[in-house]
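Taken from TrEMBL, the feature domain 'HPt' applies to B:1-103. Taken from TrEMBL, the feature phosphohistidine covers B:HIS46. Per TrEMBL, the feature compositional bias 'Low complexity' maps to B:283-297. TrEMBL lists B:283-315 with the feature region 'Disordered'. Annotation source TrEMBL lists domain 'Histidine kinase' at B:357-566. Per TrEMBL, the feature domain 'CheW-like' maps to B:568-699.
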Amino acid sequence: MGEEIKVIVFKLGEEEYGVEVEKVQSIERMVPITRVPRTYDFVKGVFNMRGVVIPVIDLRGRFGLSEAEYTDQTRIIIVAVGEMQVGFIVDSANDVIDLNTDNIETPPEVVGGVKAKYLRGVAKIGEERLLIMLNLSEVLNRSEMNQLEGLED
Amino acid sequence: MDMNQYLNMFIDESNDHLQSLNEKMLQLESSPTDLGIVQVIFRSAHTLKGMAATMGFEDLASLTHQMENVLDLVRNNKLAMQEFIFDTFFKGLDALESMVQNITEGGDGKADVSSIVASLQSIVRGDFQKSGIDAVTEAVTPKKAADSESAGLVLDQFQYSVLEQSISEGHRVYYIQVTISSESQLKAARAFMVFNTLENSGEIVKAYPSVQDIEQEKFEQNFSLYYITQKEVGELEKEIAGISEIESVSVVQLDQESLKQMSEVKAGLAETAAVQEAPVAVQQQSAASQPQSPTAASGAKPADGKAQVAKPAAPTHNRTIRVDIERLDVLMNLFSELLIDRVRLEQLASEASNPALTETVEHMSRVSSDLQNVVLKLRMVPVDTVFNRFPRMVRDLAKSLDKKLDLVITGADTEMDRTVIDEIGDPLVHLLRNSVDHGIEPVATRIAAGKPETGTVHLRAFHSGNNVFIEIEDDGSGINREKVLKSAISKGIMTEEQAAAMSDEEAHQVLFAPGFSTAEVISDVSGRGVGLDVVKSKITSLGGNVTIHSVLGKGTNFSVQLPLTLSIIAAMMIQIGSEKYAIPLSSIVETAIVKRTQIRSVHGNKMIAFRESHIPLISLSQLFEVPDFNEDEEEETEVVVIRKGDRLAALSVQDFLGQSEIVLKNLGKYLPNIQGISGATILGDGQVALIIDPNVFIK
């Protein structure tokens, strides 16, 4: 029997994604973001969250999906993995659900264009709803990006 | 009672006491008769013992208890401090430190300290209350066991001449070999007893294994020694054999001839062993410089490896509390939030034009800027917190290298930001080791060069402008330019042509090149594969700089320049399009306005005339790809002239917004290195502005 976890649900397009609630520090409305030059396109910049400067990345861009206009529904989900704090821009975030880890299945090869390694698995909720669980440490993995960009020496 | 809540307090206080014990022991070592210091040490040890016992750390308590026993004798004038006691105490302090460290890491603070306890007990019993031991400890260099025992007992010139002279003066010289029973549980203690007995009626000139090794029971069953006395062979044999658990003893009397033979045979044997034992030469030099009579040597105070702290200006017993640095960070963050609201309030008040409101807001502004200063000062810590571990380190280092030197610390009360302090320790350790190992010469070399045999290493800290300087200066051999360059060429760091064209200054900088080392013999201290390049990069990453000034034969000065604080810098705020950036004032030479027509193109690069020369003009808007600004449409361009070393460049911007003090923040772990950006700051309106790193623009 798996354990019960609480999951924050957010949307990118029509897909629903989930992250464990303990990894999420807060959910913010869109704020002015300061552009950081000479970095990846999906890094939208940095913003001030109560005195701490936090980088913001567009999760659509990170997954190679087409970027969308920001609306009233757009949210920044602040996640913390290890010492890394990052804000994810998502289309909307408005649900918290309980999930049994037994219900998480290994991800299929391709889900909506997102590389499988960013995903921890897919959870089935009820009859129709599919929730894509993110593998945060892979999403925030920098080593792969450093190879791409060669920004560092 | 739940002890956990007291654990942190215990750890902090224990570390304080250990630090103070270390300092005081060093002081005592340079003035061993000062009973005032002994009192302070006694009280510290006593408190430590009490705390450890209360917290249930039995091993800690029992070790401090033994140390306390010795101190009690000393302060009551029943025992005089001497080198053996100092060494034992330092060992004890090291053991205590590692126990406290173990507790800090969640352990139970248990450790095997039986050998130290045994030494301490032997001191209390008076087994070692003999000054003669000094001569032995001093004459014997700590070294690893040689391949054969005979090789280990080779005499250096000094020892040889002492023995020779003694024979000619009618003393008896013996070569004594002692075997301790294999069943003995306390080999070291038995050996002590032998030494003790012998010293009652003569001098031990040389022992193998070394006295230190014997103390630590680093010997099998046998040890041998050269001994000068008036006693007869039989008398000696009887005395030694009378000590319990001694299996056998052989005493051979030496005359001029047999002494010569022995030393020749052994020197021959030792030569092969000496290949692996670099310190032999050093050992001879150090011994040669010692007083020429063994009795005088025994009375001499242990001068090698003496580290002194220049009398600190009356230790400041501040009334302080400990605050977790993270809490200070939170306070800073909250405070910057408050500042943002203050700006907003000021704006609203001016719009509302209500005198009472305006007045209140103005008052609040003043209070909050005072508050800001206080909050920022909270982070300042005296550099002493780093320096205080150096005297002990240098003492041990000098001992292991068999050099004589004084460490003189000045300006330990100089304050720096906590973040800088935390980072600067390791680079300084490195530079100090470098000075002691490479800078200060062995005693004989110093005497040959007409210098005092005791070298001096100065460690200074002082403020200058917005910087803190830390200097490490030795009066050693200085940097040999030719040797450095030769080594650099052979390691492929540069070509011969490059080397020939270098100024002395540049040649010294080669020491900081990655992979560089001049150490011909890889000693215990240097040659660990970590070079000065690591020091350089660490200091640079702190926004500082390190320079070398050296005169061959006179000494070397490493000067480390560091920013006063990493968290607040003075900066020029500039605007490009809708974006605001901060440029650190420290790298700005001046600001200017140039007409577009004054900008020349040289080989496709834009240049402007500045003073007598032309300097490159870099467009920030192009470099940062600012979306909403194009300077080509302007008639005049604002430029900021920046400097790195002696090179200049100009950055073109749209507008100057003025100068301000900014709180430096990093961009977070996700964006550690963005080219041209060194960090971020939060503006009055809550927005983030990036801080430009001008160093990148000048190659």
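A Cβ is built for glycine as well, from the same backbone N, Cα and C atoms used for every other residue.
Long-range Cβ neighbours of B:HIS46 (phosphohistidine) (same chain, at least 6 residues apart, Cβ-Cβ under 8 Å): B:THR64, B:GLU68. Under the DSSP three-state reduction, the residue listed as 'phosphohistidine' is assigned to helix. Residues of the domain 'HPt' (B:1-103) grouped by DSSP class, helix first, strand second and coil last, total 87 helix, 0 strand, 16 coil.
Mean model confidence for the domain 'HPt' (B:1-103) is a pLDDT of 83.
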